[in-house]
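K.L.:
One structure, pasted below without further comment.
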């Protein structure tokens, strides 16, 4: 009889301990449910890169003096610099410059050590292609400036979307003269602050 009571009390203690552990796990889950989402719905929402973001390299052909410092400081000797010596002026003339972004590690050494600042990092990070040879950018492709994330044609239409007014479940129930269905996300955030 005493052994049976001991087993029942042990079972009760273990049940209480299990419930405590489940409660701890659920408290963490509920804590995370109250937080704002960290992720974005890419490509419709894009985070604006930080100021020191190292994206695709921008190259200015006219500033380059073909010194090849960028090749020497690159850990993988990546930039290809073709030049010709002009005997009349006694200077190097740049003929061709290219970088293969399929191999580039975006360390930024070439940008930092360039004496004429003809190289700079941009905020462009969407370089994915179906053919790896398209990642080999020549001086023409490196020279074009990328568009800003805030001016992206995929993101811009989303700014015009609004929420339905409170209590309206179907957008067809709105009055015909109403141009926008509700408040924009920026307006809702401004009201809450």
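One-based numbering along the chain as shown.
Any Cβ shown, glycine's included, is placed from N, Cα and C.
Sharing the features that Swiss-Prot gives for it:
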{"type": "BINDING", "residues": "64, 67, 70, 114", "note": "[4Fe-4S] cluster 1 binding site"}
{"type": "BINDING", "residues": "74, 104, 107, 110", "note": "[4Fe-4S] cluster 2 binding site"}
{"type": "DOMAIN", "residues": "55-84", "note": "domain '4Fe-4S ferredoxin-type 1'"}
{"type": "DOMAIN", "residues": "95-124", "note": "domain '4Fe-4S ferredoxin-type 2'"}
{"type": "REGION", "residues": "169-193", "note": "region 'Disordered'"}
K.L.:
For each of 67, 110, count the other CB atoms within 10 A of its CB; which of these binding-site residues has the top count?
P.N.:
110
K.L.:
Nearest of the binding-site residues to residue 74 ([4Fe-4S] cluster 2 binding site) by CA-CA distance, picking from 64, 67, 114?
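P.N.:
Nearest listed residue in space: 114.
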K.L.:
Other than its own, how many Cβ atoms are within 10 Å of the Cβ belonging to residue 104 ([4Fe-4S] cluster 2 binding site)?
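P.N.:
Its Cβ has 19 other Cβ atoms within 10 Å.
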K.L.:
For the domain '4Fe-4S ferredoxin-type 1' (55-84), what are the same-chain contacts with Cβ under 8 Å, counting residues 6+ beyond its ends?
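P.N.:
Same-chain contacts beyond the ends: 49, 91-101, 103-107, 109-125, 127, 137, 139, 142-143, 145-146.
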K.L.:
Work out the three-state DSSP category of residue 70 ([4Fe-4S] cluster 1 binding site).
P.N.:
helix
K.L.:
For 64, 70, 107, 114, listed as binding-site residues, tell me which one has the smallest number of other Cβ atoms within 10 Å.
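P.N.:
Relative to the other binding-site residues in 64, 70, 107, 114, 107 has the fewest Cβ atoms within 10 Å.
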K.L.:
Taking the recorded [4Fe-4S] cluster 1 site as 64, 67, 70, 114, identify the other residues of that chain whose CB atom sits within 8 Å of the mean position of the site's CB atoms, giving them in sequence order.
P.N.:
65, 66, 68, 69, 81, 110, 115, 116, 118, 119
K.L.:
Cβ within 8 Å of the [4Fe-4S] cluster 2 site centroid (74, 104, 107, 110 excluded): which residues?
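P.N.:
Sorted by sequence, the hits are 57, 70, 73, 75, 76, 78, 79, 99, 105, 106, 108, 109.
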K.L.:
Spatially, and counting Cα to Cα, which of the binding-site residues is closest to residue 64 ([4Fe-4S] cluster 1 binding site)? Options: 104, 107, 110.
P.N.:
110
